[in-house]
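Asks: Sharing a structure below in structure tokens format, with a few things to ask.
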Amino acid sequence: MEQTKGNEMRNINVTDDHDDDEKWVYDSSVDHKGRLPLRASTGAWKASLFIIAIEFSERLSYFGIATSLIIYLTKVIHQDLKTAARSVNYWAGVTTLMPLFGGFIADAYLGRFFTVLCSTIVYLLGLILLTMSWFVPSLKACEGDVCAEPRKAHEVAFFLAIYLISIGTGGHKPSLESFGADQFDDDHPQERKNKMSFFNWWNSGLCSGLLLGVTVIVYVQDHVNWGIADIILTVVMASSLLIFIIGRPYYRYRMPSGSPLTPMLQVLVAAISKRKLPHPSNPADLYEVPNSQKAQGRLLCHTKKLKFLDRAAIVEEKENSFEKQDPWRLVTVTKVEEMKLVLNMIPIWLATLPFGICVAQAATFFIKQGVVMNRNIGGFLIPPASIYSLAAIGMITSVIIYEKILVPILRKATGNERGIKILQRIGIGMLFSIATMIVAALVEKKRLGAVKKDPVNGSLSMSVFWLAPQFLIIGAGDGFALVGLQEYFYDQVPDSMRSLGIAFYLSVIGAANFLSSLLITLVDHVTEKGGKSWFGKDLNSSRLDNFYWLLAIMTMANLLLFVFVAKRYSYKNVQSLAVANCNEDDHDAAGSMA
């Protein structure tokens with residue numbers, strides 16, 4: 001009888017705990033008043049839709065500027081093809097590397113909401129200055145419609161404006177995406193599944209902004225003027241900022257936790273100071289706080305890699321594990337594992353750079369190819385940058401197919417909650433990038449053949465839609481690799497570094513843009529010594545087909561390296577309830593490309 005009553009009491013307690021978890025969110029987040037968030041009225045899709053709205057506006061303006069930038073630099077600023085391509089790559093590189101600084105500020109000091117707010121204001125200032133450079137007489141390129149040489153004041157205002165946009169993107173991009181993902185509770189089964197879908201739909205919103213940016217905005221730039229397009233972008237961004245602020249009561253907030261670099265330095269110092277101590281045979285002897293201490297956040301399971309760092313968690317005889325410890329002498333297993341997570345990301349980051357170099361070509365040479373081809377469709381002249389919309393269509397299509405068709409099938413086939421492992425998804429995207437470069441090389445070879453037969457009108461004999469396959473394929477690849485990279489760097493970094501995690505993803509593209517510029521310079525130098533440079537004064541005197549073949553071979557060789565690294569990668573393994581629940585095979589721990 002007493003046993004029956006005891007079982008009933010335990011069942012009542014379990015039910016009460018479940019009801020409590022359904023009512024409140026216990027993931028270290030707070031609501032806009034600093035209180036424990038109510039699940040029903042905060043976070044999830046109701047909050048993330050406000051956040052996706054401002055991302056849509058940011059992508060609309062970014063791609064409206066980025067895809068036409070090489071055309072503006074060659075037509076208005078009068079830079080040659082090589083210089084313009086390098087200028088675009090440098091700007092894109094700065095734009096995608098600045099988030100490392102912005103992500104650090106968000107995680108350590110300002111928090112994600114206020115970082116987004118401040119950086120969006122800076123972004124708006126850049127758009128306003130860009131508009132002024134077209135309409136203010138002293139800042140205009142010249143008095144007439146056609147400039148033989150633009151005013152220096154215009155160049156200064158123009159470059160200052162686009163780099164203000166870079167700085168704004170630096171805080172906006174990593175903080176906004178991680179803030180959106182923060183709206184979903186990892187410990188709630190349904191919200192955890194929704195978070196996996198969030199990255200897919202986030203990128204669909206991103207591509208919708210891209211699509212309008214490279215069609216409507218580029219059309220206005222091409223057929224009206226850049227100034228009107230800049231006014232539209234400014235108004236849209238200002239409106240989205242207002243929408244973002246209106247959503248403030250619905251958000252869940254993570255408080256900044258100080259510099260994420262300090263705990264990693266503590267692990268390193270403690271491990272070096274205890275380098276002569278023997279490694280314990282049982283990992284359970286290493287120092288860890290009780291899992292019940294929610295203020296500490298999620299705890300990580302011990303892994304066997306980088307065992308030298310485990311020494312930082314060895315409890316010496318003079319140390320009492322129940323007393324407050326010197327963090328430079330003794331750290332928890334979770335802190336050690338967080339250090340391992342960051343170190344394990346370095347090979348993955350490096351192995352994705354060649355993919356980023358392929359992506360960089362779409363906004364430079366692919367667009368420039370469209371300029372010299374026949375863009376006349378039924379009397380309508382397509383703006384060259386608008387062909388980039390096909391990449392957005394390819395990405396949206398691949399994301400929808402993956403989310404609605406492939407994931408349900410793969411979940412049943414593999415038993416993996418994601419369908420396939422994150423690194424497998426990235427690897428599939430890399431295959432698409434190889435195909436893109438091969439197709440681009442074949443199309444450019446055909447175009448050059450037409451130019452050889454007719455130097456004057458050869459390119460015009462080919463429709464711009466010959467470029468459609470390479471844009472669609474790179475877009476489909478982005479639906480796998482870019483979305484996978486976002487999810488990987490957000491999910492696999494320590495919880496306190498999630499803005500920096502998105503910044504790490506963006507830095508892949510940023511570093512790849514710089515490497516693309518370096519590669520162009522190197523190839524130009526080497527081939528010029530060999531007789532004729534692959535990069536002439538214009539496309540007709542260049543050999544972009546050879547450059548594309550080079551990228552295809554590089555990416556193919558790199559894919560083999562990526563598979564090797566991915567097979568040996570260990571995914572983050574979070575303790576769910578107790579140390580006893582840790583399992584090396586849990587949570588994709590046996591991640592591989594197989």
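Even glycines carry a Cβ here, placed using N, Cα and C.
Pulled these features from TrEMBL for this protein:
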type	residues	note
TRANSMEM	89-106	transmembrane segment
TRANSMEM	112-130	transmembrane segment
TRANSMEM	201-220	transmembrane segment
TRANSMEM	226-247	transmembrane segment
TRANSMEM	348-367	transmembrane segment
TRANSMEM	387-410	transmembrane segment
TRANSMEM	422-443	transmembrane segment
TRANSMEM	463-490	transmembrane segment
TRANSMEM	502-527	transmembrane segment
TRANSMEM	547-566	transmembrane segment
Asks: Have the transmembrane segment (387-410) and the transmembrane segment (112-130) got at least three CB pairs under 8 Å, pairs 6 or more apart in sequence?
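Replies: Counting Cβ pairs under 8 Å, fewer than 3, so no.
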Asks: With pairs closer than 6 in sequence left out, are the transmembrane segment (502-527) and the transmembrane segment (201-220) joined by 3 or more CB pairs under 8 Å?
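Replies: Not in contact, no.
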Asks: May I ask whether the transmembrane segment (547-566) has at least three C-beta pairs under 8 Å with the transmembrane segment (422-443), counting pairs 6 or more apart in sequence?
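Replies: Judged by the Cβ rule, the two regions touch, with the required three close pairs present.
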Asks: Below 8 Å between Cβ atoms, which of the listed ranges 89-106, 112-130, 463-490, 502-527, 547-566 makes the most pairs with the transmembrane segment (348-367)?
Replies: 502-527
Asks: Restricting to CB pairs under 8 Å, which listed stretch, 463-490, 502-527, 547-566, is in contact most with the transmembrane segment (89-106)?
Replies: 502-527
